[in-house]
Amino acid sequence: MLHPTEVEKFPPTLLYFGNEFPNDDVNELFRRLQQHSKDRRFRLLNAYLEESILVLQDEVAKLPHHIKSRVPYFDNIVTLSEHGYLRDLGLGAAMESAFLLILQLGLFIGNHEAVDRELNLPKNVTTVAGLSVGLFSAAAIALSASLAEVVRNGAECLRVSFRLGVYAGDFSSSLEAPQPEGMLASWAHVVTGMTEESVQSELTRVNEDLGNPETSKVFISAADKSSVSVSGPPSRIKAAFLQSSDLRYSKSLPLPVYDGLCHATHIYSQDDVNTVLEISESLIPATRPFQLSVISSRTGVPFTATTASDLLSEIATELVMGTIYLDNIIEGIVRHIGAFPGAQSCRIDSFRTSIIFKGILEAIATDHPDLTIEKNDLVDWVHQDFGTRRRNDPANSKLAIVGMACRMPGGANNVEEFWQLLEQGRDACTTVPPDRFDLETHYDPTGKTENAAQTPYGNFIDRPGYFDAAFFAMSPKEAEQTDPMQRLAIVTAYEAMEMAGLVIGRTQSTRRDRIGSYYGQASDDWRELNASQNIGTYAVPGGVRGFTVGRINYFFKLSGPCLCIDTACSSSMAAVHAACTALWAGDVDVALAGGVNIITDPDNYAGLGNAHFLSPTGQCKVWDKGADGYCRAEGIGSVVIKRLEDAEADNDNILAVVLSAATNHCADAISITHPHAGHQKDNCRRVLRKAGVSPMQVSYVEMHGTGTQAGDAIESESVLDVFAPLKPLRRPDQRLHLGAVKSNIGHGEAAAGISSLIKMLLMFQKNAIPPHIGIRTEMNPQLPKDLGRRNAGLVFETTPWLRPEGKKRISVVNSFGAHGGNTTLLLEDAPERHRQRISPESTDGRSVYAISVSAKSKKSLQGNLSSLLGYLEQHPDTDLADLSYTTCARRTHHNLRVATVVSSVSALQKFLRSAIDSNIATTVQSVPSNIPSVVFTFTGQGASDRGVRQELFDDFPAFRTQVLQLDQLVQRLGFPSVVPALRGSTDEEVLSPVVSQLSIVVLEIALSRFWRLLGIRPSAVIGHSLGEYAALEVAGVLSAADVLYLVGRRAQITEQRCTPYGHSMLSVLATPDEIDRVVRRVPETSNVEYEVSCQNTHEDTVLGGAKADIEAIRKVLETTSYKCVPLAIPFAYHTSQMDVVVDELEEIAKNIPFKAPSIPVLSTMLGTVVFDGKTINPTYLRRQTRGTVKFVAAVETARDLGLIDEKTVWVDLGPHPVCVGFIRKLSPESRIAASCRRNEENLSTITKSLVTLHLAGATPLWNEFFRPNEQVYRLLNLPKYSWNETNYWIPYLGTWALDKALLKYGITPVGAKAPATLPAAGLRTSTIHQTTLETIDSMTATLHVLSDMQAPEFRAAVYGHTMNNCGVATSSIWTDMALAVGEYLYRKLVPQAKEVHMNVCDLEVLHAQVISKVKGCSQPLALEAHLDLDMQYMSLKWYNTNAATGERAPEWFASAAVRFENPDAWTAEWNRTGHLVLGRIETLRRLAADGVANRISKRLAYTLFKNVVDYSDWYRGIDDVIMNDYEAVANVTLIPDRHGTWHTPPHWIDSVCHLAGLIMNGSDASNTQDFFYVTPGSDSFRLLKPLAPGAKYISYVRMFPLSAEAGNMYAGDVYILKDDVIVGVLCQIRFRRVPRLLMDRFFSPPTADNAGVHGTPGSQRSQAPPAATHAATKSPQKTLQVPSGHVPNKASIVDTNHVQASHPSAVPVRHDQSNGVSGVSDSDSSTSITSSNSTADTSTTPTESEDADSGLVGQCIKIISRETNLDMSELTPDATFAQLGVDSLMSLVLSEKFRNELGIDVKSSLFLECPTIGEVKEWIDQNC
């Protein structure tokens, strides 16, 4: 006992922690705590709140996915408290206790810090009391000797409390099905006016009367003198109060206890407490002694524990098993106060006043009336104002870079190729490619030409226009107008995320709302130059910089911040710094960061050159004496950054760790663009100080290093002075290595910083420093001379950079902006990881693994499969477990999927080879956009298996916990444990019917929860016999406790009342009618009695009855070849044997609460589907036990109701997949999955089923499957996604970037210069004038060229072939161009080829090219060709091009192909037919000699030609002709002059081939008076040897009418012979008959306006200029049919021999439009011939013969095709507008086009309301 003087100094003190919140606004209290925690005076409060949140985040992360995924993000207590208790997630008890602990201990700590008082509670005079959860707060204080210890102990007590709440809530949900969301039902009521004894007596009687099983009893949880609290499941409490008049009429109130039971000794045991304490992972030392005593709320005396672990155990035990006696608490407190007789006062700390606290005060005052009570309210301080806040230090977490991707110059299209470029010391510098801009016109080294570049050099990435638009849900038009920087930013962002294994939402740190993007961009070349040539719909979202990051966030659905940053040359590094800052500030948990730069605008070259930034001699010469400026470069880079602790928790591969970052500005520089050494040093020192790193620890600095005299000198000074000072000097082992990536790839400007960072990351990864190649002559003399003394310098060859043993490498990356900004990043090695393994033989103990590959397109899927196979071939030692983890858990899964289950790498390789060889990608069906329905099927007793193998139980703690929890319920209900049965015990008791049936139900309920953990949630349930009980639990009709009680009691009653094996059951493969027919016709069984117990399928019937009868039936059926299988069960359920069971079962069930199902129940008792809460009741269970199992009827009803379909996945949740076997028979196309299977490992079965679900579109939560052992797996760096790319590129045409400089002189440029006048690199002929794109890969080549028909040689060639006094291009011109391009590209790919033999195939020309008579105008054409060497095939398409804008038309006017073939095959073919051709020639000559055939002279021949075409002298190669009807032979002599640069001059080709045209337009067998004949093209043109100048040839042809065309079309083969040997053939040249009256219409010269502005002859006034695109080629747009009358069917080409008539690009018109299309008809058929030259203004109406899609609906679809640049074949009925890239902007464009062109008014929302093509077509058909 204390001395009286000590009592005066230290009066008795009580700290009381109740179980109620203060009456204040709790959210406001939390807000106040949060505000104060930001003040430096409340550091411990801040620490406690942060520690508490970390504990809760950690605990939430451990919850099952279906719960944690719905927990809103929280990063502080205010965020969490404002979301409430989350009762609908089953977290009410856990969250309520957490809030109370955080509030109480936060207020306690803050109360002390507010007055700067340390914790000083004398042990002898202080005691701590708590009520219920408040005991954990009391424990935290009792275990702490200081406030700092309260922080740690409080957080860990919070952990135990939260876990206890989760456990109690989870366990309680098994006692009674959860209430519907939003409804609260109390689990406790307080009763006043009755004694504890009378209440207990009444409860004992009521529990017995209601038949409440042990787990559902109503019991006393708390008591005092005036009240008693009773607890139990809400429905049981309600029933008890209704059953007992004493309770019903007592004064009672429900308590706010909504989340389960505590204080229940009959439910919980010490095992439950031990489970909570084991999984809580408390950090409080188990042996920590008490500081203060804690009074028990049950006994009123201090707990007897002596250590921390014992105290927490006793508190937890009291909470779950101990009854609260308030009187004992009060007596214990009064006893403590009275222990100090000399005391004049006592101090009591509490949180406001409650009823219980008032009782404590009254008791003290009564027993000690002379004692002064000093009340200290721990809440008051929080409302005080403490003046100006003193800010805490910001967070300094280390950050982890976990993913990267890039496109760099020099062909470095991924990070591996980038490293190869660096390691090999390659220089990526080149001249500006022609697809960027034309150097010949835009480069002037003298600087005299305004706006011209003064240097031709740069560093450029490959294929900047190539993009997978469909993957990113963009239409071709949107993709084309979108800046390539935007496109490649999102591509590299995806690739970096893929490398990082970042699956959005996989973990707490990867939630969508916690990911942001930060990119640097400093130019808008595409918007300012390329796209501005024809500003389209997507000019703003496709070109404005902010959309670069906006597009990333939008596509990935990230709602975190997105910032586009422009700090000139340091933009990307500033963006990385911004991302790091956001992570340090807690704004995001994951940051995508990077930079972009694509160069297309010569203006920036001019500007930088005029400012003397650029080197006139080439690459950046960093630290070279001749450094003369930087060399521009392109680059795209992305990285993924996370906090280090998150990356480690998420099992990420960490490339490097960011220690700190800083940015400042050279404010003291001599000019804004001049660097300043002092500020650079400041920035470097700042990052070192923030990280606590010595400069001597830094072993590498990646310099900004631009290769300028000033920049290199100043940066070298700043770097060396900071990191390699003269005092103290670096030790010999502390070499400082330096380097600069710009010496390899130039200055990427906005992408420079990210290029340097990725190089740095690669160095960490490769453990090497690549050589510096910047010094081309000698070291810059301005640099420090003492590098040796400083132990610093460059590396000139690849040098090992190894991680020191037990230490980390530290490096610095510098990036400076021309505007004066400096950004510095400090990095270190990733933490070392040590591989864990379950066993030496296996990573995770599993024998089979799921491997998944997916894509969004079939081409990409095939590519991804090939890439994976290639990876395995390069890495044969790949760990299959890691590969499975990577492809399943760490990949985003797309709609096209291939997956398999394998046990070895070799088996996987075999599967992949087979898939690739069979081209499986073409047959894979896309998974449905809507998740298919999933039905859980629960098998009955027939599937019982002795022991479910232990893999699931051992490997999945969540499954094990569920089984053990359910087993505890089983034992509490008085039944034996089922765990031995599940583990395969053969003990007699284990094999009893009670245990057998309970083990099945426990297994099935646990499996249902396990599947839910894996993300598979049922849409409906169906149970077979016993399995229906488990189905009812999953559907929420019955609680788990009630189900187990009913099943156990039913089994007990059956055992008691029925004779085992007196009856039996028999499964028969026959219908009931077949069985009855066989049984009744056999005398031995004609009178036996049996029942149909189960109708499983139409031909699978289970019979039941007396054992002897069933055995007799079996013998009869087997003799008639019916398959029979006796069921090994002791009782015959669903037969008369159950008659003695059902009455008692129904009585027991009457005391059970039944609820409406939360999901449909396919009732096998009723053969229907149950939705309501009335149908399933005690009577239902009675009938279910006795009646027939109507499995077939239940399934068929569900199908009729639309609940299931062919896409439904059926998951069997039993010991063996019996029920899904029935489903397979009822619906063979159904997908089925099993949970367990006899004679197969559980994990193998589960893995196969997961793959089945995955392929069906019910994507599992793969991460949960790997989660129990996640740390043993490694994320593999697999090949990146195989993109299905198309080139979307708008070339800059003309010289208007230069021309605008003339305006200030009053000179107005007249149009753009003709492409023909622009010299270009590469191929150049008389018809090919400028190369706009040339890409050469190993096996493919692409060439885009521009030509001008008005160029002299081209114009002359066209005018050599005039029709109707117009120069019309002959198809020989297109043939020559095809041959020229074909040989050019082929030799690029096969330079060693001696000869190139080409077959020009499938030439088709839709629109004749009529040359304008206006002098000085331009008529540009575009030709696009792509050669595939594997296919030996090249495709070609010709387009009209807008002379003003340079944009090509969206549709081609001509197309062809070139096949590269073996000429030996030609010779063999022609040798077989040569004698026949020579025979016909000889016959014609004889007929001419006999006067039967006509011999025609050269002059007469070309006079006949003039009926249609007038050839110039060049083309007149025919010397004479013999003609007989449609057959002719001609002697030909080619003129010697080539008249230009050609592959094969067109006038030579025409001379040897146009005999066919002479027959059709000059033969007396042809009606040339009314018609002329034009050719749509030919099938093939082959020449064995080049045509020779002046050489003599023979041409022979016979034309035949095509029967399908009814005389309107003729075709023939033109044979070309030299010296009576066939040397060439023009196969199947076709001619179509056209009424002569249409000659003027088709062949009128274009107007000056049309030719000079639109660049296409006769463009109609209503037609918009053609859209520029280099997207995938499209089929030509069909034109409006005109009434039948005079025009041949399908005519499209106008050329007496090789000339094509043109179609208009006008769309069909409505009756209310002024501009129409004139037409004529032919008696045979309708036609679509129109002319682009036609400007007729008469309206016509389309014919009624058009098919469904050529009316208004078809016109709408064509507009959609045209405006999106999508091929018509892509517009299938099921194609969604979202997939096609039709966004809100495109919707507006389409609705406007519909209105303007078709006269129909539709809202743009139509494409949202009708999301597919088919729905839009139907809507238009019905409403327009």
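Any Cβ shown, glycine's included, is placed from N, Cα and C.
Feature annotations, reproduced from Swiss-Prot:
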- Cys569: active site, for beta-ketoacyl synthase activity (ACT_SITE)
- His704: active site, for beta-ketoacyl synthase activity (ACT_SITE)
- His747: active site, for beta-ketoacyl synthase activity (ACT_SITE)
- His1361: active site, proton acceptor (ACT_SITE)
- 1672-1682: compositional bias 'Polar residues' (COMPBIAS)
- 1714-1743: compositional bias 'Low complexity' (COMPBIAS)
- 396-829: domain 'Ketosynthase family 3 (KS3)' (DOMAIN)
- 1329-1640: domain 'PKS/mFAS DH' (DOMAIN)
- 1747-1824: domain 'Carrier' (DOMAIN)
- Ser1784: O-(pantetheine 4'-phosphoryl)serine (MOD_RES)
- 5-400: region 'N-terminal acylcarrier protein transacylase domain (SAT)' (REGION)
- 935-1259: region 'Malonyl-CoA:ACP transacylase (MAT) domain' (REGION)
- 1325-1644: region 'Product template (PT) domain' (REGION)
- 1329-1467: region 'N-terminal hotdog fold' (REGION)
- 1492-1640: region 'C-terminal hotdog fold' (REGION)
- 1649-1690: region 'Disordered' (REGION)
- 1702-1750: region 'Disordered' (REGION)
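For the pair His704 (active site, for beta-ketoacyl synthase activity) and Cys569 (active site, for beta-ketoacyl synthase activity), the Cα-Cα distance reads 9 Å. Mean pLDDT across the domain 'Ketosynthase family 3 (KS3)' (396-829) comes to 93 in this model. Under DSSP, His704 (active site, for beta-ketoacyl synthase activity) is assigned to coil, being neither helix nor strand in the three-state scheme.
Across the fold, the C-alpha of Cys569 (active site, for beta-ketoacyl synthase activity) and the C-alpha of His747 (active site, for beta-ketoacyl synthase activity) stand 8 Å from each other.
Comparing the residue listed as 'active site, proton acceptor' with Ser1784 (O-(pantetheine 4'-phosphoryl)serine), their Cα atoms are 49 Å apart once rounded. Residues within less than 8 Å, Cβ to Cβ, of His747 (active site, for beta-ketoacyl synthase activity) and separated from it by at least 6 positions along the same chain comprise Cys569, Cys620, Tyr630, Cys631, Arg632, Ala633, Thr706, Gly707. With a 10 A radius on its CB, Ser1784 (O-(pantetheine 4'-phosphoryl)serine) counts 11 other CB atoms from all the protein chains.
Look at His1361 (active site, proton acceptor): DSSP puts it in a strand.
Secondary structure from DSSP puts Ser1784 (O-(pantetheine 4'-phosphoryl)serine) in a helix. Helix, strand and coil counts under DSSP for the region 'N-terminal hotdog fold' (1329-1467) come to 32 helix, 58 strand, 49 coil. Across the region 'C-terminal hotdog fold' (1492-1640), DSSP classifies residues as 35 helix, 68 strand, 46 coil. Neighbour density for the residue listed as 'active site, proton acceptor': within 10 A of its CB lie 29 other CB atoms from the protein chains shown. Other C-beta atoms found within 10 angstroms of the C-beta of His704 (active site, for beta-ketoacyl synthase activity) number 29, with every protein chain shown included.
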